[in-house]
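These notes are about the structure you will find just below.
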Amino acid sequence: MSDHPQVPVSARRPAVADPGPAGPVTPVALGVGLLVAAVVGAAAPLIGVVGAADGSVVGGTTAAGWIAILPAVLVLVLAGGRRVPALAVAAGAGSFAVVRLVTDLPLVLGPDDLVRPDLFAETSDAARPFTVGAGAFLVLLADLLALVVGVLAARALAAAPMPDAALPGTALPGAALPGTALPDTALPDRALRDGQRPDRSGTAAGGHVAPGPAAGSTNTSGVRRTSPDGAGRPAVDRSPIDGDGGGAGPAARFGSGAEPMPPLRLAGNAPMIAVGCLGAVVVAAGLLSVPYRGGYLELRLVPAATDLSGVLAAFVALLALAVAVLVAAGVPRAVSAGLLAGAGLAAALPGLIAIVAVTAGAATSLSAAAFLPMVGGALVGASAALNRLRPTSTYTSQPVDLPANGRGDDSVAPPAGGPRADGSSPAARATPPRTAERGAAGPDGGRIGSRGSIVVGGLLLAAAAGCLLAWRRPILLFDGAAPTPEVADIAAPAAPPFLMAAIVLAVAGVLALLPWTAQAGRTSAGVVWAGALLALTDAGVLLARLIRAAGNTQDPLSSLMAAVPAEFKHTWSAGPGFWAGVAGVVLAAAAAVLAPVITRRVAEQSLLQVDDASADRSRVIRRGPLAVLVVLIVGAGAFPVWTADLTRSTALLRGYEVGTLGVWAVTLAAVGAVLLGGTSLKPVVAAAAPVAAAVVLAQRCLVPAAIRDEAGFATGPGLVAGVVAVVGLLLVAPLFWRAARRVRRLDPADRDVPAAS
């Protein structure tokens, strides 16, 4: 065993292999624990969860319960080579077991009102009241076992060795070695507040001498320092945090004694937290609704609805997922990906179980709420891709030779205020090689930006093709075929919104493909997907209304309606255009998820630093218009755009109608775009975001001619607010661009550079 203690080494050094967690708790054991819990829960219907009062069969769909093994399988797959991510998956999946425990408690407290066809389903109207069976206690035992596994995994994850992580441009305590200097790129952005610049030449005014032994010696941490010039000169430490406890504290990093600490990790991961918390809200909304409808539920006198336990489960799910997202925002991406993948997969299980139960033959059908847990779980898991934290150190027990400049190369740090080895002065030094290389890569961040923009643009163009196909092909089928001329006007309102969505998606795709407009295209991709979803949900609303209207005249339970001749019975169903629209929405959503990831990675490649004073002034200028626009956008979504004698357009507060999802998507996308434009320091993003929001809002305000021809048609207050919001967004776009243009930027050589787009 080495005599040298473990010390952090710059991430420029080769990383050592993950030693894995110590102690008896291993990822394999945790995966087996989750697997046992899933098997116990899946076996409960075989024993009998409840008993019927009349002795009828109440068995559930046993195949659905086996979906719960998915988190265990993921843990066991990762346990072979990536132990820390495997622990994170087990912790995320196991912690969500508390939600399942709250959901399953009514199995023993009062199962009469539960809707769980995966566990039991009555076959007669005299089956209730139910009696509690032994299988109900097995279900609770499985939940408790999974919860214990989650607690053990969380404790093992907290004790597992993992590298430090920091936001790009910052450093963590311990990331700098005593007596060494970090590269210029480690300086925090706030070091440039109010024009204060650290002296890169190594004078006492610009940096402080890190405490440590003289050059050429071995310090107390076991790190041997060498001075290439042999001058015995102590190196200048430009690290934002002192590497040792001796000497000046972190507040004296630039000699002023009042410099703030680097930004908090959570503040830097705000996009990740926003997406993850949005997913948590969607999961909670799904738990507030019953994922089944019709079938055996019609035997009950009281309609199926969420009880108090469901409300409590939704609250606990929201809290558990929000905590998981916040924890994941403070750890490196690999760990956060495992944690949120486990939590998101566990959150999606109720929806997956409902789908499998109905597919396997449960005597009921799915409601729209069955898909919400899956959508929310996917958002929670995908939010890990927005994690900006990167490993900054690893651990080794071997001595490491570091040059006195601390950069890991063989160049010599210049004397304090003196010339360089090549005779040049510090003030006239050239741009660092990394800056020059990236500056020559092109306007869009080099290889990462160009390739990512091509993928985003391709997805947007494919989505536009899907929406265009939806416009051309029959969206609704009448008696299994294209609508006849007699009923064509009924299905006519579904097509025009897809044409508008196709045009918008195509324009955004072309912008993303062109090198000089790629950033604007990626920004638009995060917004314009909502217009395609609005078109799809409007078509879904029309289809649901037609099916409901046909069902009122063909109810097989009514003897009067059963006497209607077969030639007068007609059916409406989704046509090929509808499914083409679904494909377009999926492709547009994929582009919306990928675009911010590419933009974030491109931003991390830049070495430019922003002057905080000018950035704050820029955001203050945009604060007032931003607040007004948010109010207008929410107001436009809260009211219908049009009304007619028999119906009206959907709005934010129209219950659980499928069209409400489209309005929510448009409103949230527009609000998010305005917030992005009001806070972004990039002029192109600041201008493109409100323009994209205006385009999406305009799609909702354009009413098809077939709707305007309906009896009693009138415009609603949502149209007025929407038009005002669109005009306001277009007017503030130049203002936002000019405000972002005024932000001062400096490169690592302390030279002012023009505002980057």
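Our numbering is plain: 1 for the first residue shown, then up by one each step along the chain.
Cβ atoms here come from the backbone N, Cα and C positions, even for glycine.
According to TrEMBL, the protein has these features:
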- 57-79: transmembrane segment (TRANSMEM)
- 129-154: transmembrane segment (TRANSMEM)
- 178-255: region 'Disordered' (REGION)
- 190-200: compositional bias 'Basic and acidic residues' (COMPBIAS)
- 202-216: compositional bias 'Low complexity' (COMPBIAS)
- 270-290: transmembrane segment (TRANSMEM)
- 310-331: transmembrane segment (TRANSMEM)
- 338-360: transmembrane segment (TRANSMEM)
- 366-386: transmembrane segment (TRANSMEM)
- 396-445: region 'Disordered' (REGION)
- 423-441: compositional bias 'Low complexity' (COMPBIAS)
- 454-471: transmembrane segment (TRANSMEM)
- 526-547: transmembrane segment (TRANSMEM)
- 578-598: transmembrane segment (TRANSMEM)
- 656-677: transmembrane segment (TRANSMEM)
- 684-707: transmembrane segment (TRANSMEM)
- 719-737: transmembrane segment (TRANSMEM)
For the transmembrane segment (454-471), which partner among 129-154, 310-331, 526-547 gives the most CB pairs under 8 Å?
526-547
Would the transmembrane segment (526-547) count as touching the transmembrane segment (684-707), i.e. at least 3 C-beta pairs under 8 angstroms with sequence separation of 6+?
yes
In the same chain, which residue numbers or ranges, 6 or more beyond the ends of the transmembrane segment (656-677), come under 8 angstroms Cβ to Cβ?
274, 278, 289, 368-369, 523, 526-527, 529-531, 533-538, 540-541, 544, 622, 626, 629-630, 633-634, 636-637, 649-650, 685-690, 692-693, 696-697, 699-700, 725, 729, 732-733, 736
Sequence-distant residues near the transmembrane segment (366-386) by C-beta distance (under 8 Å, 6 or more away from its ends) are 269, 271-273, 275-276, 278-293, 321, 324-325, 328, 333, 336-337, 339-341, 343-352, 354-355, 358, 593, 596-597, 600, 656, 658, 661
